[in-house]
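What follows is a set of notes on a single structure, which appears directly below.
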Amino acid sequence: MPNYTVTVATGTQWFAGTDDYIYLTLMGTEGCSERTLLDKPLYNDFERGAVDSYDVTVGEDLGEIELVKIEKKKYWVHDDWYCKYITVKTPYGDYIEFPCFRWLVDDKEVVLRDGRARLPQHDKKAGVAKQHRHKELEQRQKTYRWKEWHPGFPMSIDAKAHSELPRDIQFDSEKGVDFVLNYSKAIENLYVNQFMHMFQSSWGDFADFERIFMRIKNTISEYVMEHWKEDFMFGYQFLNGCNPVVIRKCTEIPDKFPITQKLVEHSLERGLTLEEELKEGNIFIADYELMDGVTANATDPCTLQYLAAPICLLYKNSQNKIMPVAIQLGQTPGEDNPIFLPTDDEYDWMMAKIWVRSSDFHVHQTVTHLLRTHLISEVFGIAMFRQLPAVHPVFKLLLPHIRFTIAINTKAREQLICECGLFDKANGTGGGGHVELVQRSMKTFTYKSLIFPEAIKERGMDSKEELPYYFYRDDGCRVWEAVASFVADIVNIYYEKDETVQEDEEIQAFVKDVCSFGMQDFDQCEFPKSLQTKEQLVEYLTIVIFTASAQHAAVNFGQFDWCSWIPNSPPTMRKPPPTKKGEVDLKYIVESLPDRGRSCWHLGAVWALSQFQENELFLGMYPDEHFIEKPVKEAMAQFRKNLGEVTKVIKNRNEGKKLPYYYLSPDRIPNSVAV
C-alpha cells in the first residue's frame, strides 16, 4: 500500500505550539487519503519550534498531490497553533512543499496548495485549484472588511481593537505594542517620571530642559542640543532631518510672502539680487499652508495651546548650506504678521524658528508619517488580503512588507490617535486637529507623489550638483533602484509579456480595490484602477514595498535624534505667535514651549517610536519561504547583495561625520511599518 511521509513544522514564536488534535487529508488528482490524526504514542506533538514527521498510508496511489487539508480540533480548551509548512514525500521519493505560515484558531481548517506561485489564468477554469482560489478569496473578503475611520481618510480595517483582528495579522504579543505601557516604560527608563504629571509647570530656561535630556542623549541628539539655535542646523533639518519632504525650490516669491531685495540683501552672499538668486536656483521655500486654520488642542482647559502656518524662505549659501533668510508666521501678510529676519533681535529670530520647527513637527507626525506611510500601507495590505490568494506571486512578494502594519495602525486608533488618546496629552494638534490635517492633505495626495524619484523632482530637489548634501534624496534613490530591480526580476519570472498583466484578473482586482475602496476613488488621487504593462506593475509594487520599508524608516527612526531636544521640535506651543517685533524675551520663549508634563510625554513618545521591534526583519530578509522556486531565491540573493553595496556606500560616506545620515541604510530599514 502506498505510503506518504508528512513533515509538519511548528512556528518558533511564543505560544506557537498546541495540544489540540491535528488532522490531515491529502488531496490528489486520483483521490484523497482518509482524514488522519497526526499523533505519535508517548510523544508531545506540535511543540513550539518542532519539526515532526508522520506516515500516511493509503489504499491506492493518489496521483499528483494538489492540496493538503489541515484541521485543528479542541483537546481540552482551544489552543491556537502556528503552522510554518508541511512537506509531503511521495511513494516515488518526490518532495512537495506546502508553505503555510499562518495560525489555526478554534476548530479551524486550512487548505494548502504547494509552494509554486501561479497566476489565476494558469489554473484550469473548472479545476480543484481554481475552486480553492475562489473559496480562499471569498473567505478573506468576509474577514478583511473596509471601514471608514474618519470622513476623507483612506479606508482602514473593520476592527475596533487589536484583539478583533484576524489572528494571522495580530502581533505575536499584544503587550509589546501597548502604547500606554510602552510610553510609561519609556518615561520610567528615561528617569523623567517625576515630571510626567507636572502639567502647567514651565521649565526655568533652556538649560532646565537638560534635566530630562542628559540621561538619554546620543551622538545626533546631543549635537542638536548644542547647535539647535544656529541657522545652519535649522536649515540642515529640511534636507536630512525627520521631515525632509517639505522643502522645495522656489522659482517665484509668492504674493502672500512679500519678500523684497532690501529685506534679505544682508543674507545673500554672491553679490546677486534676490531675483538673480531665484534664477540661479539658490532660493528654497518651506510653506506650512496646510496648518492654516487647523484647530488647536483644547482638551485641557487649564492650558491654552496654539498652532501656526508659517512660511520660511531658505538660501543656499556659497558653502552649499541651506540657511533661513526670512520667516512669516502666518499665511496672510500684514502689520500684525511681520517677516522675521536673521538680523532681528536674537529672541525674535529664535522664536520665529521655533514656530517653524513646531509646525514642521505637526506636519511630519500627521501627514509625512501617519498618512503617507502608515495609512497608505494599510490600504495596500487590506486590498492584498482581499484580492490576492496565497498562491499568487504578488501576495508572496508583498506579505513580508505589510507584516504587523494593520495591527500597529489598529492599536494606534485604539490608544494613540483616538479621542482622548495619548496623542491628546502632548500635541498641539490633539483633540481633532490631526484629523483635520489628514483630511486636508488627502485633497492633494496623489499616486505620483509616492514614486520617490518623481516626488524629489517635482519639488525641484533632484540635482546633486545643486544640493550635494541632500542625503535623504541620494540614499532614497539608491534604495528605490535596488527595490525596483528586485521587483522587476520577480515580475519577469511570472509575467511573460504585458498581456499577462492585463489577463491577471486578481492583480487587476487588487489595484482597483486600492483605488475604489481604499482611497475612496477620490478624483485628485489619480491611483490607477488597472495596470496594462509589466513596467506599470513593477512601479506599483515598488511603491508598495518602498513606502512600507524605506520611506517609513526615513521619517520614523530619526524622531528621537531630532525631536528629543524639545526646543528644536516642540509638540505644542502655549503662547500665540508674536505679532510684533521686539516683544519676545527668553521668558516668553520658555513659557511658549511645552510644560514639564507635556515635555515628558513627548520624550517618551519619540523614544518609543524610534525603537526597532524585537527580532526585527530588515529589508531583504525573508526567513519565511513563501516562494520555493529557485529563480526567485536567486533574485532575493541578488537583492540582498545590491542592498549590501548600498549599505557600504552609506557607511563609508558617514565615516567621521558629526551628523551621519543612516536612516536609509538598508541594514536599518525594517521590511514593514510595524512601529
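Each Cβ is built from the backbone N, Cα and C atoms, and glycine gets one as well.
According to TrEMBL, the domain 'PLAT' annotation covers 2-118. Summarising the annotation, TrEMBL assigns Ca(2+) 1 binding site to GLY17, ASP79, ASP80. Look at TrEMBL and you will find ASP39 tagged as Ca(2+) 2 binding site. What TrEMBL lists as site 'Essential for stabilizing binding to COTL1' is TRP103. For 118-675, the entry in TrEMBL reads domain 'Lipoxygenase'. Per TrEMBL, Fe cation binding site is recorded for HIS369, HIS374, HIS552.
Feature map: TrEMBL annotations on the structure.
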| residue | record | contacts (Cβ under 8 Å, 6+ apart) |
| --- | --- | --- |
| GLY17 | Ca(2+) 1 binding site | THR10, PHE46, GLU47, ARG48, GLY49, ALA50, TRP81 |
| ASP39 | Ca(2+) 2 binding site | TYR21, ILE22, ASP45 |
| ASP79 | Ca(2+) 1 binding site | THR18, ASP19, ASP20 |
| ASP80 | Ca(2+) 1 binding site | PHE15, THR18, TRP103, LEU104, VAL105, ARG167 |
| HIS369 | Fe cation binding site | HIS552, VAL555, ASN556 |
| HIS374 | Fe cation binding site | THR405, ILE408, ASN409, ALA412, HIS552, VAL673 |
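Mean pLDDT of the predicted structure over the domain 'PLAT' (2-118): 94.
Secondary structure by DSSP for the domain 'PLAT' (2-118): 0 helix, 60 strand, 57 coil.
Neighbouring residues of the recorded Ca(2+) 1 site, listed in sequence order and excluding GLY17, ASP79, ASP80, comprise PHE15, ALA16, THR18, ASP19, ASP20, PHE46, TRP81, TYR82 (Cβ within 8 Å of the Cβ centroid).
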